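Okay, structure first, notes after.
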Amino acid sequence: TVYFHTYKKVNRTRRHTVAECCAGWVHVPGMDGCQRANCTADLCHNGGTCIPFRNGTEDICECAPGFTGSKCQYDINECIADNGGCHHDCVNTIGTFYCRCWSGFELEENGKHCKDIDECAISNGGCSHRCVNSPGGHRCECPPGMQVNSGGRKCVAIDPCLEKKGGCQHHCVNENGRARCQCFAGFHLGYDRKTCVDIDECKVQNGGGCQHDCVNTYGSYRCHCRSGFTLADDGRSCDESLSGCQVANGGCQHDCYDQPNGSHVCKCRDGYDLGADGKSCI
């Protein structure tokens, strides 16, 4: 006896009703037929998408990233939460935001973290000598004897005369970063090359030409004439003095007589009396 397995293929067709709604109408699960959709072009703002009958009763706006609200009418300020993930500053814009770094920093590739800019790597930071990088900036440094100028980049020789005149008693001259002392007229530098010593002009040609006496003063000198002489306009020569009766008869109307003490007296001739002024005769 031989047994065989046999199979029978049966094809059956099942019918399903498919509802296809017209434009402006949608099929809502659990509801018969098509329902009229209320989505309009201006229902959802800022690029939002209208989803008809999302909860079975009303149209819902599905907002684009960066917006919120029932109609997507509000911008989301991403900077409020954790500074938007930014390392430094977070700048909110309509629908999005961006990170901004402080001066001296630049954004990394992730657009959020900030890294220091090494200003010294580009043209030595503009420094004429040494450039020192620091977080968010840099500074220029100079070798001994020099200092950074007002621009903060170039090195110039330190003016030693700015502090206490470089130690000079009178005047200080800056010569390539070194102080050189100078004295006013009538003085010369002392052995320490800083203090100033009075010059005794009277020791050199009697004050440069005084006819009689030379008197030294601090920083200068003057010529002096002996008794009976007066100093001329040139300040050096001495002219013989005309005194008493030698000048306009001493002012006497009649006779004038010089006295040993340098004074003079007037006398009248016979028959006249000396007036009250001691000069006229009456």
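Each residue's number is its place along the chain shown, starting with 1.
Including glycine, each Cβ sits where the backbone N, Cα and C put it.
Computed from a predicted structure; not experimentally measured.
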Disulphide bridge to C72 as given by TrEMBL, partner from C63, C86: C63
Other CB atoms within 10 A, centred on C63 (disulfide bond): 21
Cβ packing number for C44 (disulfide bond), 10 Å threshold: 24
Around the Cβ of C72 (disulfide bond), the count of other Cβ atoms that are within 10 Å: 22
Nearest-integer angstrom distance between the alpha carbons (Cα) of C72 (disulfide bond) and C44 (disulfide bond): 6
Under 8 Å by Cβ from C61 (disulfide bond), counting only residues of that chain that are 6 or more apart: L43, C44, G48, T49, C50, I51, G69, S70, K71, C72
